[in-house]
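Listed in TrEMBL:
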type: DOMAIN; residues: 317-463; note: domain 'Fido'
type: ACT_SITE; residues: His406; note: active site
type: BINDING; residues: Asp410, Gly411, Asn412, Gly413, Arg414, Thr415, Ser416, Arg417; note: ATP binding site
Amino acid sequence: MHSEKGRGAVLWYGMIKGTDKDSSDYTRNKSLRSCAIDFERRLDLANSAPTTAIHRQETLELRALTHGFPCQMPTPCALRMPQDICTPDESPCNLPGPPLISTPNLQKSKHCKAAEHIEYLAMSNRILSSMQQARLALLKKIYKPAAHLQKGSIEYERLARSGRVWEDYFMPGNSLKMGYVDVQRRMTGLLDEIDHLRGRLPVMDLGKTLVAEYAQQSVMIENNPLSVTDAIRISDRLRGGLEQVDLASTPSSELARLVTAWTTPRGADITESATNELQNHIIASQWIAENAAAKAGTAGLCEAEVRDLAVVSVVNTDSESAYDTWRTDSKKAGGNLVWGSRVPLGEYRNLPISVRSNRLKIFPYPQEVPACMERFFQWRDLQHREKALHPLILACQMTAYFVLVHPFPDGNGRTSRMVKQDYLARQGYVPVVIRNLQREDYLRMIDGASQGKPEEFVTAVLEAQLAVLHQASARLKM
């Protein structure tokens, strides 16, 4: 459940603002607070892949309202991509009109009194309608270059698969627009201090000692409950087996087989999944440390290697289920409404996505993702050659850029941090372990960086780098 500052609660606060606390309007509106919070929970359920029969009809209806873009724009429309939330032959447009939320499941909401239920539904519909309109307006603005093209035409399909529309609007690789040039200018002193210290330290060896702690922090950001102590214990247990493997010469394509040999098959046990997730990350990070040392100074992982690491990040964990078939009951007897066919591990997503924290955050459509990722690597290689950005600054932009594209069904955050770890190691820097980091802090920082406000994220990365180097330097002097 969201906090009381979610969309429903915000509307509730607006309803009571300026109302006399002794008035009947205040009392009536205040009683709707629980309805607003309950609506928040249901909206989050609807934007997740449907998992239970109880929520299937509600999921269809809420999705139709909040993500109706491909079905409710005139043709030709703003890049009306197939599979936005529906297959070409099963459109949410055919669902009943408002009040769509009036399902038996919602009518039995324990939070809403019967006398207030109509108001609850009206409020819910207003929230959804407002969100839908805002999202559609933004999509129309972003995909305006395709508005004059006929859907299905050669030009339309070419533009859709080019990824240029999304990329030209957001420009994630523009270091000046995204704020990295200015941040680098302001942090020259800190960067110089880091480079002065690292020149006197065995950075590659130091980086290998941080693998367990780095991996633990990376999975902690994804809500993994295991501690640094757990990570060290797992790392110690793996050490004997990993020492028998020449990781530096092991191709990334072998990593999934390697981690599978040491993990328990995916099951219902949450602790089991968390252990597998952390263990997978430790093995991947150890491989990165060894592999990067053998390729010092180079631009970084290739696309195939990143896909392999994406597999490692989710295999035999609960995250693997994001790659499974997303289905819910169809109106047609005996049929299914397929939200997306199963995606093989390591392949790019085949569905549009949104995030709960910001419904107006727009990611590339699945047709755009392959081209966007191809240009991500081209951009990374060019930036590496030109050296306009300091490696630490470039690594930060690289991480935010990757997350903006969000190419995989799941594991994007973990994979983006592996990409960052690899690049920094190749340039002679240690993994970034931010002391006392909380999940919400990281999400706020990376979201800011994605919106052209990277200073908090970059500062945290640089200060973490400097702290580790200072500690190592102090130990050498003892």
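Cβ from N, Cα, C; glycine included.
When the Cα atoms are compared, Arg414 (ATP binding site) and His406 (active site) turn out to be 11 Å apart. Note: the ATP site is recorded as Asp410, Gly411, Asn412, Gly413, Arg414, Thr415, Ser416, Arg417; in the same chain, Glu222, Ala310, Ser313, Val403, Phe408, Met418 also have Cβ atoms within 8 Å of that site's Cβ centroid. The Cβ of Arg417 (ATP binding site) has Ser218, Ile221, Thr399 as same-chain neighbours under 8 Å, each 6 or more residues away in sequence. Broken down by DSSP into helix, strand and coil, the domain 'Fido' (317-463) contains 75 helix, 11 strand, 61 coil.
Gly413 (ATP binding site) and the residue listed as 'active site' have their C-alpha atoms 8 Å apart, to the nearest angstrom. Between the CA atoms of the residue listed as 'active site' and Thr415 (ATP binding site) there is a gap of 10 Å.
Local packing around the Cβ, expressed as the count of other Cβ atoms within 10 angstroms, is greatest for Gly411 among the binding-site residues Gly411, Gly413. Arg414 (ATP binding site) is surrounded by 27 other CB atoms, counting those within 10 A of its CB over all protein chains shown.
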